[in-house]
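What Swiss-Prot records for this protein:
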- 251-263: compositional bias 'Acidic residues' (COMPBIAS)
- S62: phosphoserine (MOD_RES)
- S71: phosphoserine (MOD_RES)
- S81: phosphoserine (MOD_RES)
- K143: N6-acetyllysine (MOD_RES)
- S151: phosphoserine (MOD_RES)
- K157: N6-acetyllysine (MOD_RES)
- S293: phosphoserine (MOD_RES)
- T315: phosphothreonine (MOD_RES)
- K317: N6-acetyllysine (MOD_RES)
- S344: phosphoserine (MOD_RES)
- S347: phosphoserine (MOD_RES)
- S348: phosphoserine (MOD_RES)
- 413-434: region 'Leucine-zipper' (REGION)
- 355-364: motif 'UBR5-degron' (MOTIF)
Amino acid sequence: MPLNVSFANRNYDLDYDSVQPYFYCDEEENFYQQQQQSELQPPAPSEDIWKKFELLPTPPLSPSRRSGLCSPSYVAFASFSPRGDDDGGGGSFSTADQLEMVTELLGGDMVNQSFICDPDDETFIKNIIIQDCMWSGFSAAAKLVSEKLASYQAARKDSGSPSPARGPGGCPTSSLYLQDLTAAASECIDPSVVFPYPLNDSSSPKPCASPDSAAFSPSSDSLLSSAESSPRASPEPLALHEETPPTTSSDSEEEQEEEEEIDVVSVEKRQPPAKRSESGSPSAGGHSKPPHSPLVLKRCHVPTHQHNYAAPPSTRKDYPAAKRAKLDSGRVLKQISNNRKCISPRSSDTEENDKRRTHNVLERQRRNELKRSFFALRDQIPELENNEKAPKVVILKKATAYILSVQAGEQKLISEKDLLRKRREQLKHKLEQLRNSCA
């Protein structure tokens, strides 16, 4: 970077001739026209190259409720034109007005347009800082805001005497805020379309005392106390007071989200006080809200076989004493069942161990009996009678051969027996013949 600075401090014609091959040959695009006219030091070549790589402006946000204040016409009117006769003249701005204008300048399209370099702008001529892709946009935005604030202060000084002291209800900027709100009401979405349920009953102004309001006073007090004790802040009223400055679109969206979430909590916490009011005052039962009671039941009903993931973490304080006792008894029963479940696995483990032990004993007995039978078979075979280390396969083979040989000897002996029987029969018959001949 120091090389570029020293390089730019030399003669401009020689420098441009030396770095001319680095630029595009385009006659329509002249980077240094403004510098040549004003006879200022030219920027480094990298400065204009980074212009081609600047990021596009961010997408626009939701339409602000004060769209009139964001427009350049309103800014010019508010800063340079005098107010009406009722305001006391002068374009003076309070601290809230300046902060609001700064926030809208930072979030609006004027700053986004400032990121794109305009060669006819004064800031392009005076900008001698070597730009960087990270810091050039922020410096331009800060410079634009400071220039706008300086113009506002100059307009305030030139406008004349400051406006007289304003009371809490006579702020002209607040009247302009309300006028802008009414003018931009067509651009905004009706909250009743997004939130069909009543958002905040406690924020509405309380009417005169009536029997209906007296009947529901405990529930409203309990709602207020629960809203104050809740970790989240209570929802702000929708009606803007005169001294409250209008919020931006992002703030309004966050307030709507908080109001929606707190509305769900208030519907859940509204059920026990309503029951108490119905049981305590039977006369007010006819004036109870019929459309809201089924809604509360539908939103608070949770099936027993499902887990309510959207429920608050601790719901024990919402239940009465009877339900607490039932919950405690149910927890005790669950603990007992869990203990039984814990005991039953132990008993099943012992049973499995006993079965395994008896199986091992029976298997050992079977192996011992099989070994004894093999030893007995080995003793019956003449070839393996004295061989104590004979394997079982050899014992089985030798036993099979010995049995076959024994069966063959048996058949031979049976045939010899038959021959001897026949011989005996023949000899007996011959002896009988000799006895008969001698007689």
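Using the three backbone atoms N, Cα and C, a Cβ is placed for every residue, glycine included.
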Using C-alpha positions only, work out which of the modified residues K143, S151, S347, S348 is nearest to K157 (N6-acetyllysine).
S151
Residue, out of the modified residues S151, S347, S348, whose Cβ gathers the largest set of other Cβ atoms within 10 Å:
S151
Using the structure shown, find which entry in K143, K157 (the modified residues) has the sparsest Cβ neighbourhood within 10 Å.
K157
Please report the distance from the Cα of S347 (phosphoserine) to the Cα of S151 (phosphoserine), rounded to the nearest angstrom.
88
Can you give me the Cα-Cα distance between K143 (N6-acetyllysine) and S151 (phosphoserine) in Å, rounded to a whole number?
12
Using DSSP, how many residues in the region 'Leucine-zipper' (413-434) fall into helix, strand and coil?
22 helix, 0 strand, 0 coil
DSSP-wise, what's the residue breakdown of the motif 'UBR5-degron' (355-364) into helix, strand and coil?
10 helix, 0 strand, 0 coil
Cα-Cα, whole number of Å: S348 (phosphoserine) versus S151 (phosphoserine)?
87
